[in-house]
Amino acid sequence: MLRAPCCPLRTSVAPAAALAAALLSSLARCSFLEPRDPVDSSLSPYFGTKTRYEDVNPGLLSGPEAPWRDPELLEGTCTPVQLVALIRHGTRYPTAKQIRKLRQLHGLLQARGSRDGGAGNTRSRDLGAALADWPLWYADWMDGQLVEKGRQDMRQLALRLASLFPALFSRENYGRLRLITSSKHRCVDSGAAFLQGLWQHYHPGLPPPNVADMECGPPRVNDKLMRFFDHCEKFLTEVEKNATALYHVEAFKTGPEMQNILKKVAATLQVPVNDLNADLIQVAFFTCSFDLAIKGVKSPWCDVFDIDDAKVKYLNDLKQYWKRGYGYTINSRSSCTLFQDIFQHLDKAVEQKQRSQPISSPVILQFGHAETLLPLLSLMGYFKDKEPLTAYNYKEQMHRKFRSGHIVPYASNLIFVLYHCENAKTPKEQFRVQMLLNEKVLPLAYSQETVSFYEDLKNHYKDILQSCQTSEECELAKANSTSDEL
């Protein structure tokens, strides 16, 4: 029953072996860190892309495996026939770069402890000592890999989606699942954990087999879809490798808001303000989030900041806005191939249904990154503010739409659900689409309606579907031209 050949692997032996090795290596390293019961922090809503999924969906704290059905979801005579999901990986470790910066900050605190001789106020001495003594358990090998909490994120998401769309995730459809992933370990492992969650749904109480032995096999790596930004020369040259592209991020780091935080944190930790910079402050802020998300622990790092220090979050949103969002047109246009791929799946399902054929791929699951989701949502017109986010309008953007933590927390997901509706009066009315963001119905960006006829949705995005060619969009402009800042 486990090795049915109906869903053959589409990778060569070497990539498949590499995937298996990555899975085993990651499991061996990560399994000793079991997630604890949820712990809250007043800073939880402000961690940007390091936000826990349950902080966006608080109802999951009490029932992480129980589906919550959005009342706007279609039902009755409209039956879901296909689901295409773009899923960010689950909770991960810090990157090696972040760990190195944390070591640098930790070293400053330990050096301060050896020279302060008891100077300073009691709170600063106590907090500084607590941080100097707080175990720095992060190691270089962790480097952004998926943690056990991240596997749990994926298993629980699988259980909820399978319960919410039982016909699509039926046992009969299991062999027809199609999984695509980024080549990064955290995405490969997220796909494997999702499959383990589905196994748990189908076979409660039975331990899952090796992912390679499951009927649909492991996720297939496709970086041209899941990491399209790495394959877009214009983006790489004009944004990724351009020292001036993130001007507003660098300007905010040296602006009055961040400088005030630097002085405040330096006083709190009793270290010279000149030894700190915005990057170290941001690492300290995110260390609170990592300890909270990975181990369920509210560490002393959380006590360094208060709600007023959420300006640090604006720094993260600035970076995402200018590097992945509306800051430059190429950020979103580089995702055209992925957008078109989604609609090719939907087109095929419509065609098969019209011909009374079985849907060949009722569920398509694609595992990527925050950097995969944000450009796509920007391409579709979501979370666009009237004015661009800049280094100089922090106060004006206090109520901005573009909040990365609300949009792409760990395990975030954008889901397209295609419905076939019986008793439709016209052929156009037969097929409808809804989108869900983080399991909540996402109103259409152009109308705020919660459902669209499929034909109307395609017509609205006709330019992207017909005219956005990645080879042309990503081609470098001729000499003497500049990038198109908005």
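Numbers here mean position along the shown chain, with the first residue as 1.
Backbone N, Cα and C atoms are what each Cβ position is placed from, and that goes for glycine too.
Database features (TrEMBL):
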SIGNAL    1-30  signal peptide
DISULFID  Cys78-Cys421  disulfide bond
DISULFID  Cys288-Cys302  disulfide bond
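A C-beta separation below 8 Å, combined with a sequence spacing of at least six in one chain, links Cys421 (disulfide bond) to Leu74, Thr77, Cys78, Thr79, Glu429, Gln430, Phe431, Arg432.
Neighbour count (other Cβ atoms within 10 Å of the Cβ, all protein chains): 21 for Cys78 (disulfide bond). Fewest Cβ neighbours within 10 Å among the disulfide-bonded residues Cys288, Cys302: this applies to Cys302.
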